[in-house]
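Structure first, then comments.
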Number of protein chains: 2
Amino acid sequence: MSQTRGDVWSPVIMPFGADLAPDARGFVSHCRWLASHGVGLAVFGTNSEANSMTVAEKQGLLAALVEGGIDPARLMPGTGHCAIGDSVTLTREALAVGCDGVLMLPPFYYKGVSDEGLFRYYSEVIERVGDSRLQVYLYHIPPVAQVPLSLELIERLRNAFPGTIAGIKDSGGDWSHTQALIERFGGGDFAVYAGSERFLLDTLRAGGAGCISATANVNPGAIAGLGANWQAEDADTRQRSLNTVRDLFERFPLIPAMKAATAHFSGAPGWRRVRPPLVELDEERTGELVSALEEIGFRMEGLEEASHG
Amino acid sequence: MSQTRGDVWSPVIMPFGADLAPDARGFVSHCRWLASHGVGLAVFGTNSEANSMTVAEKQGLLAALVEGGIDPARLMPGTGHCAIGDSVTLTREALAVGCDGVLMLPPFYYKGVSDEGLFRYYSEVIERVGDSRLQVYLYHIPPVAQVPLSLELIERLRNAFPGTIAGIKDSGGDWSHTQALIERFGGGDFAVYAGSERFLLDTLRAGGAGCISATANVNPGAIAGLGANWQAEDADTRQRSLNTVRDLFERFPLIPAMKAATAHFSGAPGWRRVRPPLVELDEERTGELVSALEEIGFRMEGLEEASHG
């Protein structure tokens, strides 16, 4: 996986057809548009509704991306499932199409599980995959998975699998935790990514790698711009400007709102669809979102052309 | 599905081999032993580590059960997954092997989802399965899934799919909620099952159907005995005796403790294994469990013979 300080990744939102089947063509187009703005593709993340898709659907989409000309070095697929067998299958598939970095959720059904149990889960997956190219990025997202990854667990995994445990995405929303991760593990061969661009500048200044953020789906150029220019004089101004957009989207349910914005700016209304248990943004709320975006002059540059290209 | 007032079901624990593959032969034997004690088989439940298995593994096990002579009318497989496609696949498979009742978790990755989203999830699954034999038992288990099923949602689903929404398992652990479910929906064509035998007598007296309980894996005869004799004079004594066993098991992590007891009484040490993220009971704790069980004269009658039969 190609990785540099200041990296920005998007957990790519997923277009579905009227029958809720994945729209592979729309997905590839959106990935191309994101890549053209310098954003890496953390496909099959929380914001991708990945857990609402079957393993077979995700395998098909990986193949479509690579066939569609997406550079596998710019992909970081989410491959963690509750069942070890599923995590192994999708991780192997990712390696087979040329990715090496994967973002791996812990098994998220049982709650209050021990570090020992989580260590065994990750160990089993890594050993069964058995491929020295594999780079595992751990996925810490307690607000959703409800299964946190402790510092002790990370330490133990790094010691057991040096060269394989490559980093972490911290979607806990608590800057002091991201800071603790960077202080203890950051720099060198362990990449700490903030789970929101709200912490991008702080993360980079503290020695972290960048961010993997939902709203990089809708505001990729500006976020990647800060990632590339975090040492520039205008970095704080850029960060404030990113926060304005993030604040606006956070006034709505995030996934439906990003999809509604993408539908609006691409001219492809199907983008509004989500899979249950999520619900799309209704017309009234969509109107509010679009007005608010227009008020701050927000656009998704080149999206319409990309969608019809 | 054959169902009578006083029904007791076991979310069947799952034996795994040294390589953690499902031990289909041991599973069928254990199901036979449970059935011989009058307990129905709610295979692929929380206590079955079902979410730690792939859909393909569960399909294979369903086939093994039916080939092994288990009456499909006494099966209530868990078929709810985060992805609609997976829920549809396993539900169809259950119907194909002759089951009609299935126990269906809500999608459990996203938290704080709306009733509308959950309604759409269950509707999609039911409509895609498209089989009038289907009987859906909803699975309310907020302590684990963290996605509760509201009374309004149940009402809406019953109205939309009369004859299909057949009941609920309430594993919330809060008797007043089970009571509210029975008062609002119970009796007639909607079966309310308590999620623990601790509430079995209360449930039956209030008009509920019975229980689907973890510890019916280890104490099946006594629990089914109360189910069959809940109107007998000694019902309260029976309930107290069930509670003593339940209390004892609850002093330990429940799934590992039930498996350790099954290993002990069957003479098959492999029963101790669990899949990550769970961890088996260690030797010291197993010793404590066995001593405590011996102290109250607890046995798993006929298990050793059944395991080697």
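Numbers here mean position along the shown chain, with the first residue as 1.
Each Cβ is built from the backbone N, Cα and C atoms, and glycine gets one as well.
These numbers come from a predicted model, not from an experiment.
According to TrEMBL:
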ACT_SITE  B:Tyr139  active site, proton donor/acceptor
ACT_SITE  B:Lys169  active site, schiff-base intermediate with substrate
BINDING   B:Ile212  pyruvate binding site
Report summary line: Rounded to a whole number of Å, the separation of the Cα atoms of B:Tyr139 (active site, proton donor/acceptor) and B:Lys169 (active site, schiff-base intermediate with substrate) comes to 5
Report summary line: Integer Å value for the Cα distance linking B:Ile212 (pyruvate binding site) with B:Lys169 (active site, schiff-base intermediate with substrate) is 7
Query - B:Lys169 (active site, schiff-base intermediate with substrate): secondary structure state under DSSP, collapsed to three categories - result: strand
Query raised in the report: Around the residue listed as 'active site, schiff-base intermediate with substrate', how many other CB atoms lie within 10 A of its CB?
Result: 30
Query - Mapped DSSP class for B:Ile212 (pyruvate binding site), helix or strand or coil - result: strand
